[in-house]
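S.K.: Starting off with a structure, shown below.
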Amino acid sequence: MNLSKRDSKHIWHPLTQHKTAAPPIGIVKAKGALFWDEDGKEYIDAIASWYTCMYGHGHPEIIKAVQQQMEQLDFVMFSGFTHKPAVQLSEKLMEILPANQQKIFFNDNGSTAVEAAIKMSLQYHHNKADKRDTLIAFEDGFHGDTFGAMSASGISSYNGPFEDFLLNVKRIPTPQEDTIDEVLEQLEAILSENKCAAFIFEPLVQGAAGMKFHSAKGLDRLIKKCQENDVLCIADEIMTGFGKTGRNFASDFLECKPDIMCLSKALTAGMFPLSITSCTQRIFDGFLSEEPSKGFFHAHTYSAHPLGCAAAIAGIDLLGSLAMQQHKKRIELAHEEFADRLKENSKVKNIRTKGLILAFELTKEMERYGTSRSALYDHFMKQGVCLRPLGNTIYVLPPFVITDDQLQKIYNSIEHTLAKL
Ligand SMILES: *Cc1c(COP(=O)(O)O)cnc(C)c1O
């Protein structure tokens, strides 16, 4: 029996309706921007495996770093102990994060980074005897699948059955260039009617919503307004972090820096699950007290796993390397050229690019996980291109190391698919 058949006996897959889903494809090998299935078919990883493996699969520098770390120290608890990979990673992050970020809290995945950020914000106010019970978030945001993160998320296809059990969240639309004043007014109304603890957002690009962009200037004004009211601003950079928007972080496009940042996905270049919740000195200081209970009593067993930290350190070195900077420019240019080509096509709209992200909508409407969306996905996969349309949004977010040929093959496959629609 092949992997795919053996899988169906005991495995329950994420984001899957097993009654109707096609069997999963057994993957046996990956390198650079490619992976191969058990029948030897080759696929281009056009979304860098959910935007994690940004330096390509199996990058030799990442492998070397993890191998060396494995032989030295596999794991030790992170309460009462520390280790070199964690310390070194905190120092590396200080070099690239916005200057107001001063403390690094370790978690093990994106949702738990968000969960820690929300709990930090709630307790920050609680420690000051200022009880605040409301969060502010964008419509259609996505922040993860644990309860706090799910509460902040506004995509109902994920949250439906749990809606009665979520935290208190007020939503505002994302600011577009021509709606900034309107959104600001909505925010002001929420701030005056509620006790708001934090504002959580995906800065500049909402990934799961379908790579939706918004105005940096508008976000700046929202952050400023929140900070004037001591509402902590949480930038969820789990998707946008590590070069995807053209700068290291989407927050680098902002003048008002977030109080808290969440990082994961490309943090470890796809090698290991690890995440970070960083914050300002002021937030950290809000937990200092003679009373133990004012500390942040939140932990995951695998916090700051040395192998994840080693992968992250090697990843940040790659991010800053001349080679990756050149790759980035090359991909940005190719995306722009293709976007121009697409503008001629009447079957698409809202063509947009930012850094390594290229996205557009089909003029044809589609359900997020409906059959026509599945047919689209299957069509790309048949052509050896792994793209995962979000409803009728098609987006490309390739690893930096993708070759020009591979990139053109993705674009051609998109055009070929459009021609068939
Ligand atoms: C993927 C993602 C998350 C959740 O991360 P997981 O590791 O899947 O829990 C949270 N926020 C954003 C913006 C994401 O893209």
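Here the Cβ of each residue, glycine as well, is placed from N, Cα and C on the backbone.
In case it helps, TrEMBL gives these features for our protein:
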type	residues	note
BINDING	Trp50, Lys265, Arg388	substrate binding site
BINDING	Gly110, Ser111, Asp236, His300, Thr301	pyridoxal 5'-phosphate binding site
MOD_RES	Lys265	N6-(pyridoxal phosphate)lysine
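Please situate the listed features within the shown structure.
M.R.: Close to Arg388 (substrate binding site) in the fold, though at least 6 residues off in sequence, lie Ile47, Tyr377, each with a CB less than 8 Å from its CB. DSSP assigns Arg388 (substrate binding site) to coil, not to a helix or a strand.
In the three-state DSSP classification, His300 (pyridoxal 5'-phosphate binding site) falls within coil.
Under the DSSP three-state reduction, Lys265 (substrate binding site) is assigned to helix. Around Lys265 (substrate binding site), a 10 Å sphere centred on its CB holds 28 further CB atoms from the protein chains shown.
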S.K.: If I restrict to non-local contacts, at least six residues apart, and a C-beta distance under 8 angstroms, what lies near Gly110 (pyridoxal 5'-phosphate binding site) in its own chain?
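M.R.: Once residues fewer than 6 apart are set aside, Gly110 (pyridoxal 5'-phosphate binding site) is near Gly144, Ala149, Ile238, Cys262, Ser264, Lys265, Ser275.
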S.K.: Could you check which of the binding-site residues Gly110, Ser111, Asp236, Thr301 have their CB within less than 6 A of ligand 1?
M.R.: Gly110, Ser111, Asp236
S.K.: Between Ser111, Thr301, which of the binding-site residues has the fewest other CB atoms within 10 angstroms in the structure shown?
M.R.: Thr301
S.K.: When you measure from the Cβ of Asp236 (pyridoxal 5'-phosphate binding site), which residues in the chain that are at least 6 apart have a Cβ under 8 Å away?
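M.R.: In sequence order, the residues whose Cβ lies under 8 Å from that of Asp236 (pyridoxal 5'-phosphate binding site) (at least 6 apart) are Val114, Ala117, Gly141, His143, Ile200, Phe201, Glu202, Pro203, Cys262.
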S.K.: Determine, to the nearest whole angstrom, how far the Cα atom of Trp50 (substrate binding site) is from the Cα atom of His300 (pyridoxal 5'-phosphate binding site).
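M.R.: Taking the Cα atoms only, Trp50 (substrate binding site) lies 23 Å from His300 (pyridoxal 5'-phosphate binding site).
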S.K.: Write out, in the order they occur in the sequence, the residues of the chain not among Trp50, Lys265, Arg388 that have a C-beta within 8 Å of the mean position of the C-beta atoms of the recorded substrate site.
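M.R.: What remains near the Cβ centre is Ile47, Ala48, Ser49, Tyr51, Thr52, Gly207, Met239, Leu397.
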